[in-house]
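Features reported for this protein in Swiss-Prot:
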ACT_SITE  TYR58  active site, proton donor
BINDING   GLY196, LEU198, VAL200, ILE236, ARG238, SER239, ALA240, ARG244, SER247, ASN248, ARG274  NADPH binding site
Amino acid sequence: MTSTRGEAAGIPSVSLNDGHSIPVLGLGVGELSEAEAERSVAAALEAGYRLIDTAAVYGNEAAVGRAVNASGIPREEIYVTTKLAVADQGFGTSQDAARASLERLGLDYVDLYLIHWPAGDHGKYIDSWGGLMKAKQDGVARSIGVCNFNAEHLSNIIDLSFFTPAINQIELHPLLNQAELREVNAGYGIVTEAYGPLGVGRLLDHAAVTGVAQAHGKTPAQVLLRWSIQLGNVVIARSANPDRITSNLEVFDFELTDDEMATLNGLDEGTRFRPDPETYTGP
């Protein structure tokens, strides 16, 4: 299944296990102020992005919604993701939180609603998954999924609910390439979505990355995004800089060789720059 979303910028889409599809590259707005988020989303949509990723805990859903609604782009062409905060986990509270997110966004539905963190409480995230299933049934969210879930978290919710997430969004970059978890996701038919694809900037001057960039006449950031896309991931790239937002789109006119992919894959050392999902408990 393909989508018109992102076609203007040449962004392909991938099919989800529920029949919907999602662009393979999007803009993230984590840690951006409301003003920064509104400007960034407006710039991204103008540049051709059609996937925007926010969360309740980011505190900028309203700004994202303003930019989406002011863009003049038909709503069905924009893919909006938001996430359930740890504090709102639970069967009923997750549904209330989803509707509160819609109100802040000023939208009738979100394309994707995610549990932001498992947060260590087995019962809570399972109850929350039931709440997300109800939110999907009620039309609040077109697709539902999870973030930061490991193999055990996934099996817990799937075995108990008989319903599989569409997406698992995880920290993923060459220093943490998540090969085993990507394989688990694929086994369930779950699309892997990568956040932190630049390794919080730590990889931009790595010799292996800059060498590949020079070979293609591309920036290190473009190489890192291309690497993740070639692995089969959907990629969320955060930026408040309009020039970088545009530059990050220029990843569909070249391809990394098998040797270059192997070089970047070989950088994996299990390094996290974001919290460990097995120990993180909020917010």
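Every residue gets a Cβ built from N, Cα and C, even glycine.
Every protein chain shown contributes to the tally, and the Cβ of ARG274 (NADPH binding site) ends up with 14 other Cβ atoms within 10 Å. Cα spacing between GLY196 (NADPH binding site) and the residue listed as 'active site, proton donor': 15 Å, rounded to the nearest whole number. In sequence order, LEU27, GLY28, VAL29, GLY30, GLU31, LEU32, TYR195 make up the list of same-chain residues 6 or more apart from ARG238 (NADPH binding site) whose Cβ falls under 8 Å from its Cβ. The Cβ neighbour count for VAL200 (NADPH binding site), using a 10 Å radius and every protein chain shown, is 12. In the three-state DSSP assignment, the secondary structure recorded for SER247 (NADPH binding site) is helix.
For the binding-site residues GLY196, SER247, counting C-beta atoms within 10 A of each C-beta gives the highest total at GLY196. Cβ contacts within 10 Å of TYR58 (active site, proton donor), excluding its own Cβ and spanning all protein chains shown: 22.
In this entry, GLY196, LEU198, VAL200, ILE236, ARG238, SER239, ALA240, ARG244, SER247, ASN248, ARG274 make up the residues listed for NADPH, with the farthest two CA atoms of the set 24 Å from each other.
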